[in-house]
Amino acid sequence: MDTAEEDICRVCRSEGTPEKPLYHPCVCTGSIKFIHQECLVQWLKHSRKEYCELCKHRFAFTPIYSPDMPSRLPIQDIFAGLVTSIGTAIRYWFHYTLVAFAWLGVVPLTACRIYKCLFTGSVSSLLTLPLDMLSTENLLADCLQGCFVVTCTLCAFISLVWLREQIVHGGAPIWLEHAAPPFNAAGHHQNEAPVGGNGAENPAADQPANPAGENAVLGENPDAQDGQAEEEEEDNEEEDDAGVEDAADANNGAQDDMNWNALEWDRAAEELTWERMLGLDGSLVFLEHVFWVVSLNTLFILVFAFCPYHIGHFSLVGLGFEEHVQASHFEGLITTIVGYILLAITLIICHALATLVKFHRSRRLLGVCYIVVKVSLLVVVEIGVFPLICGWWLDICSLEMFDATLKDRELSFQSAPGTTMFLHWLVGMVYVFYFASFILLLREVLRPGVLWFLRNLNDPDFNPVQEMIHLPIYRHLRRFILSVIVFGSIVLLMLWLPIRIIKSLLPNFLPYNVMLYSDAPVSELSLELLLLQVVLPALLEQGHTRQWLKGLVRAWTVTAGYLLDLHSYLLGDQEENENSANQQVNNNQPARNNNAVPAGEGLHAAHQAILQQGGPVGFQPYRRPLNFPLRIFLLIVFMCITLLIASLICLTLPVFAGRWLMSFWTGTAKIHELYTAACGLYVCWLTIRAVTVLVAWMPQGRRVIFQKVKEWSLMIMKTLIVAVLLAGVVPLLLGLLFELVIVAPLRVPLDQTPLFYPWQDWALGVLHAKIIAAITLMGPQWWLKTVIEQVYANGIRNIDLHYIIRKLAAPVISVLLLSLCVPYVIASGAVPLLGVTAEMQNLVHRRIYPFLLMVVVLMGILSFQVRQFKRLYEHIKNDKYLVGQRLVNYERKSGKQGPSTPPPVSSQE
């Protein structure tokens, strides 16, 4: 047993003295049990923690006050402290008001007024700009528009910085680094090596000079490589060695400048924080940042909006296309894009001239500007134009499904062009996203090397920006055209053709009912809540759907492989083929067949370096059967037939099942087809889920199946009880309470009787319950948060019905019932006993719910102010009379850290 002489501090390893005694403030024992208070305070300052890092026990300090401290603080001390606190609060209020006014008022308003001034196109607007800045006309609208302008300029600035980093770290194109013409086929050929078709002639295809070259939506035409090779030879003959050396020197100098800038930025970043930049630290340095932001906004508006717009405008006016552009309802956007295209052409010409006269710095600057414009245009095409084309094509091919015509779409576009274009762009983005997701699923099933012509999104080296920087523009245009053809053909196959077949076979099935208003007796809000809260989470949040789809794809692939003798080509061989000579014969194909390249060579190895999410998978060889092209053609035909049948099933079965089920609820009334389709999909999902579970249980025997059915039946019963309580009773009571407290007093006059609709109250209650649950989970720890977290942690399979009812459902329902019943009892039972008039009884009955809510809110505010005053009292007492703090020893018997004390401080007085 340790003695007092052997007790040493865990930090300084010294013994205790009368001046510096040892304490044992936490659960730790042995040689780390004791510590000096000074050592602990120093360590807390260093570690910035308030608890022991070993036992997680929170250290406790007891305050030491001056002996002359009175039992109660004098009124003058409290008043002085209160005045000081109010003064500090006012100072901070003024400062934060100035910060908000600067960032939310001055910056966006200045950006909007400057933007309008530049695009007005008159000299008078420039002369009256200072007065326009101070104008209060359309203040709120200009601030909102200015916020959008500032956001655009900020995104442009961040994109420029990011593009610079891509050029610095990923390397600039060869034609920019060397003194060669801008259309340097040698540079392009080297950067495009991983994308070409002739893998056997390009053994360096796997070099990572341009990993983004693999990001092709569709495969490139291998015949184009011959022309590129000829251009490469010509450009190599014309290359100037002296120009290369000068360009290299200029590049080194530019690299030194970039390194110096990086050091300066790092040095500035050490001093600059978000609080200091925005002015939240209490200083006025942010005013300088406001000035620089306004200047940056003006510069970016002038360079990236004003100049391209006017270049495009003057060009369109000169060519006589101004009327056609104005008829599109997007004159500004189209004119700006035309300006960027003309600017890119001008930069190419100037770059070529600078190369001829050997102005290397100017040549590099023009090349970088061309890259910026080129990447910007490609981003607009990839993210804006392509999804928009897909969305419009989907709409055109599905007109008969909704009993619409092109005239209807034209009228909707004329009435709301912005909304129409956005909706079509959104539909196109969803289509592209799910198409890419399906391709990823195919890569997990098929043999590596089958889908070499599709972009590999799982490749960690995939970088679309590097691809935009390095590949020439004609490659992007060719890829864009091929992508449009393929995506459009898939829409024809899976949408337009099934609709024609459905109209021929089931003439009364179409069109779908997509009217905005329904004559159904059921509230649309209730149906939307069921769709959002029940159906969509089950269809989207479950991983079973993806596994089912993957299993179907694998089954189809196996079937097609055995029917067409393409199992080796589609899925690969399970075991190694002993006849390696046959492998070489089967896999060594002419250049026009890109699928026939030996393992580890050429295009396939480059494209299939990483195919699946699990990690890298090499290219796998396959056995090539006789009549291979014919079998591939039959495979494509079989695939098209399968996709057509699958599309027919998806367009008819869920809607038919949903209409049949909803007819029991809504009768013969027509409702939106979204609800019927969602209901049918949910029923189909439940059916498939039940079938798959039963199939998985079949090998385990009848007894195990009965046991599983019993367990699942019990779990379903518990879940239904919990759902009735938490998803039925609680939302209904909550919605009814909200109706009585907020909606009825505001919307219904006193001389009218409010009407309550249980379905609408329940739907609103579901929303309110979800909001309250989310706020509770984000808030501090208290009993409701603890219970909800425990219920979430248990899940459905480990559901504890007794715990949920006792800890969650019963308390919440009791509080809601008391909130509903107590005011009603007071208004209907107690008030009439007082002998008041009928008008007063009606007034009390209608206003007692909001009145009691105000009383509860006032009591909460009063309680909060009392706690704040106690904190202020303690703060004043500590400032005036606190002389130090003493560490509290850990008491093992009570298991608690000691009396309630203020939090530990980082210094000792």
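Including glycine, each Cβ sits where the backbone N, Cα and C put it.
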(request) Would you say whether Swiss-Prot puts Leu126 on the same side of the membrane as Ala838? (result) yes
(message) Contact between the transmembrane segment (377-397) and the transmembrane segment (284-304) is defined here as three or more C-beta pairs under 8 Å separated by at least 6 residues; is that satisfied?
(response) no
(request) For the binding-site residues Cys12, Cys39, work out the Cβ neighbour count at 10 Å and name the residue with the minimum. (result) Cys12
(request) Count, for each of 92-112, 143-163, 377-397, 481-501, the Cβ pairs lying under 8 Å from the transmembrane segment (337-357), and report the range with the highest count. (result) 377-397
(request) Take a look at 143-163, 377-397, 632-652, 678-698 and tell me which one has the most Cβ pairs under 8 Å to the transmembrane segment (422-442). (result) 377-397
(request) Let me know the DSSP-derived helix, strand or coil state of His36 (Zn(2+) 1 binding site), please. (result) strand
(request) Averaged across the topological domain 'Extracellular' (653-677), what pLDDT does the model get? Just tell me the whole number, please. (result) 81
(message) Suppose I define contact as three or more CB-CB distances under 8 A, residues 6 or more apart in sequence; do the transmembrane segment (377-397) and the transmembrane segment (143-163) meet it?
(response) no
(message) Is it true that the transmembrane segment (632-652) and the transmembrane segment (678-698) have 3 or more CB pairs under 8 Å, sequence gap of 6 or more?
(response) no
(message) For the topological domain 'Extracellular' (742-763), how many residues does DSSP put in helix, in strand and in coil?
(response) 12 helix, 0 strand, 10 coil
(message) An 8 Å radius from the center of the Cys9, Cys12, His36, Cys39 Cβ atoms defines the neighbourhood of the Zn(2+) 1 site; name the other residues of that chain inside it, in order.
(response) Arg10, Val11, Arg13, Ser14, Lys20, Leu22, Ile35, Glu38, Leu40
